[in-house]
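Summarising the annotation, TrEMBL assigns signal peptide to 1-26. Feature annotation from TrEMBL assigns transmembrane segment to 229-252, 294-322, 328-352, 364-389, 395-417, 455-474, 486-507, 519-539.
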Amino acid sequence: MRNFGNSTAFVILGVFILSCVSHVRSDASDHRYKEGDPVPLYANKVGPFHNPSETYRYFDLPFCSPDHVKEKKEALGEVLNGDRLVSAPYKLNFREEKDSSVVCKKKLSKDEVVFFRKAVEKDYYFQMYYDDLPIWGFIGKVDKEGKADPSEYKYYLYKHIQFDVLYNKDRVIEISARMDPHLLVDLTEDKEVDAEFMYTVKWKETGTPFEKRMERYSMSSSLPHHLEIHWFSIINSCVTVLLLTGFLATILMRVLKNDFIKYGQDEEAADDQEETGWKYIHGDVFRFPKYKSLFAAALGSGTQLFTLTVFIFMLALVGVFYPYNRGALFTALVVIYALTSGIAGYVATSFYCQLEGTNWVRNLLLTGCLFCGPLFLTFCFLNTVAIAYSATAALPFGTIVVIVLIWTLVTSPLLVLGGIAGKNSRAEFQAPCRTTKYPREIPPLPWYRSAIPQMAMAGFLPFSAIYIELYYIFASVWGHRIYTIYSILFIVFIILLIVTAFITVALTYFQLAAEDHEWWWRYINSIFVFISPMLFALLF
């Protein structure tokens with residue numbers, strides 16, 4: 001198993017490094033230009049500011065488009081991220097200033113005016129990339145000043161953009177876009193209007209080195225106020241761990257000590273008294289769980305997801321996922337998940353065979369479909385909705401074919417190889433005590449001692465240890481925040497694992513003390529309930 005894991009790790013790192021090297025960059029791969037050289041500028045997408053997940057292609061709005069719209073070839077992760085880069089109509093040559101240069105003169109039809117007005121009403125913004133640097137700007141504004149009735153609002157479209165570019169010798173360091181609030185197109189009425197779209201380019205030299213040009217995008221996460229909140233999260237998590245450790249040390253150790261003293265009495269006294277508690281079910285506690293094939297498949301899939309999470313953290317800590325490294329995270333998720341499928345096959349099959357399972361092939365198929373099956377059904381629904389609304393979240397047919405080929409040619413063979421290795425290296429399940437032939441009847445328990453209420457109540461501590469970091473993660477997934485402090489996230493993740501382990505031990509003991517010997521599923525469900533928020537945040 002150790003050799004298998006080491007070889008898998010090397011393969012994962014090697015393939016991911018190759019994918020990063022082959023990552024599609026700007027046309028000038030070294031990002032060095034001479035005066036007057038064309039610098040690649042791509043228009044990406046538009047969408048409502050208050051819903052970053054809803055994005056559309058840039059030219060879905062009737063902007064001025066070049067004669068030949070050229071689509072940029074994108075990596076798999078960029079497509080999964082919803083990026084659809086096309087050539088922009090603006091020409092920003094290196095160190096070449098322009099003043100109110102006309103892009104195009106266009107007569108907007110009534111339908112185009114209505115289209116633009118709806119976009120302005122929803123605070124649509126646009127995103128572009130200039131030499132791999134992101135640019136944002138709003139397409140218009142709503143004049144609400146002094147107007148109480150929404151029917152009196154005025155809607156305007158910006159028709160002039162000023163690009164301010166900073167450079168250091170022969171490299172672009174920073175770029176921003178400003179809209180001229182005085183050059184507007186009135187979209188209030190449903191009538192044809194004439195629009196002349198223009199842009200201005202200003203260049204200014206800076207001393208910021210090229211290697212630090214991405215730091216400005218991660219500054220918001222590193223501000224003292226945010227760092228103070230993050231450290232408060234860690235302190236809160238550490239206090240939770242200390243309290244939980246003290247609880248276990250004080251309660252469980254005292255109870256276990258009394259149990260051992262009672263069970264360690266001489267044989268005559270032990271024969272005279274009736275066994276109670278967890279000692280009473282010693283002949284049933286290692287009885288194989290129900291639905292052992294599904295149990296082994298869940299254990300294998302969970303191990304794979306945990307391994308995937310660890311590798312993602314490793315790549316994040318070494319700086320692979322710097323801000324706006326388009327598609328790097330999604331590429332890593334797809335590649336690493338495909339290459340770690342052998343771990344799922346090995347763990348599931350070996351454990352299934354230890355539980356005296358016979359149909360290991362069916363168990364292997366179940367392992368492969370346990371995570372991918374629900375994910376595929378969810379993807380089909382969401383992708384259908386995205387196609388219906390022409391959103392950039394809809395994956396092209398070619399990308400779907402690539403993902404299917406990865407699953408067919410990489411994930412499935414490695415899953416089978418892992419299953420074969422697990423079957424051949426299985427060991428017999430050796431319980432420390434003999435299992436009785438017939439299971440004992442589980443005494444009736446109060447409703448709050450059943451599985452769902454117990455896990456819900458016990459989930460409060462793990463959630464309290466990570467809820468602050470979850471807020472920042474979800475704000476970056478469904479908002480405009482950028483999460484870059486992966487070191488703090490890794491510390492919180494370790495604390496989450498410790499809290500989860502302690503809570504699981506406590507729940508298992510209390511369940512066995514209540515003479516409930518069906519602990520297998522309760523144990524694995526507890527782990528998934530506690531750790532699923534962090535896994536969801538990392539994977540999606």
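Heads up, the Cβ atoms here are built off N, Cα and C, so glycines get one too.
Quantities reported herein were computed from a predicted structural model and do not represent experimental measurements.
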Any contact between the transmembrane segment (486-507) and the transmembrane segment (229-252)? By contact I mean 3+ C-beta pairs closer than 8 Å, pairs at least 6 apart along the chain.
yes
Where, among 294-322, 328-352, 455-474, do we find the most CB pairs under 8 A to the transmembrane segment (364-389)?
294-322
Top Cβ-contact partner of the transmembrane segment (395-417) among 229-252, 294-322, 328-352, 455-474 (pairs under 8 Å):
328-352
